[in-house]
Amino acid sequence: LIQSTLLTLFTLILLILQTYAAPPELNPTDFDAALSAGGDVSTSPPPGTSKRAPHSIIIGVRKGGTRALLEMLDIHPEVAAAATEVHFFDWDENYAKGFEWYRGLMPYSYSHQITVEKTPGYFTSALAPERIRAMNSSIKLLLILRDPTERVISDYTQVYFNRLENHKPVQAIENLLVRNGALNIRYKAIQRSLYDVHMRNWLLHFPLEQIHIVDGDALIRNPLLELQKVERFLNLPPRIASSNFYFNHTKGFYCIRSDGRERCLHESKGRPHPAVNGTVLQQLRSYLQEHNRTFFRLVKRTFDWQ
């Protein structure tokens, strides 16, 4: 009996220590995330700043150019960008931590600045639109899209290299795109490119006027033109100029020049895509075309997608 009582007592003490080892709003993993997102628990914030909920969110799409858009938008002096993908509205375990946890991961900003967060997973999340609307029904949303077929291949390419780096087995893209002789429409990369399906969900909670769609293919060719449209949508004064961009011939895309320094996106961006079997590629394009036409009707504009 004594041994049983001691064992029960020890278990209770262990549970208490696990629960209170770190405050629930800032456990060790959140501490790392807060630091990487610009939070600093050891020093005072800049005078006159505070952490505020985002005024705009880049909701997606994965492999659509969200990182490029955020980095380029961050050139603007009146934008404070969150450095990491927070996944607050699409991951239940993060959403359960509450709004104050979320706001704590935002950057410090001045009153004349707007805070912008990006998490590409929001666009394809069934719950994110409703949850974001509950936070702020008038928030301005940014959605960057590219040719959905190219997006599928880019999605595969990212996963392919990630698996290689982690010494995991990889498959040829055709083996994922085709199952039993037919297009594998359950493949997640294809599901993410069904823009009409996901857009319908967002339009249940937000009017189209609150969602600005950035042409990701155009952003690659002419970043300034797309950024100027974003400035107008966010009611920002025009501050981003052609001098903020230069074409890097080695990488094959535009890089950023700001605050006296030059920087390009991470080397993982702009990786070469694998060659895809022509028949399989045509199957994929044909399947996505009808979804594209439906999407064009929903958003009342068209895009130059094959």
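Backbone N, Cα and C atoms are what each Cβ position is placed from, and that goes for glycine too.
Given the structure is predicted, the values throughout are model-derived calculations rather than measurements.
So that you can see what the record holds, here are the features copied from TrEMBL:
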ACT_SITE  LYS63  active site, for sulfotransferase activity
BINDING   LYS63, GLY64, GLY65, THR66, ARG67, ARG146, SER154, TYR254, LYS269, GLY270, ARG271, PRO272, HIS273  3'-phosphoadenylyl sulfate binding site
DISULFID  CYS255-CYS264  disulfide bond
DOMAIN    54-284  domain 'Sulfotransferase'
SIGNAL    1-21  signal peptide
Taking only the CA atoms, the spacing between GLY65 (3'-phosphoadenylyl sulfate binding site) and CYS255 (disulfide bond), expressed in whole angstrom, is 13
CB neighbours within 10 A of ARG67 (3'-phosphoadenylyl sulfate binding site), counting all protein chains shown, number 18
One finds that other Cβ atoms within 10 Å of the Cβ of ARG271 (3'-phosphoadenylyl sulfate binding site) number exactly 12
The number of other Cβ atoms within 10 Å of the Cβ of CYS255 (disulfide bond), counted over all protein chains shown, is 19
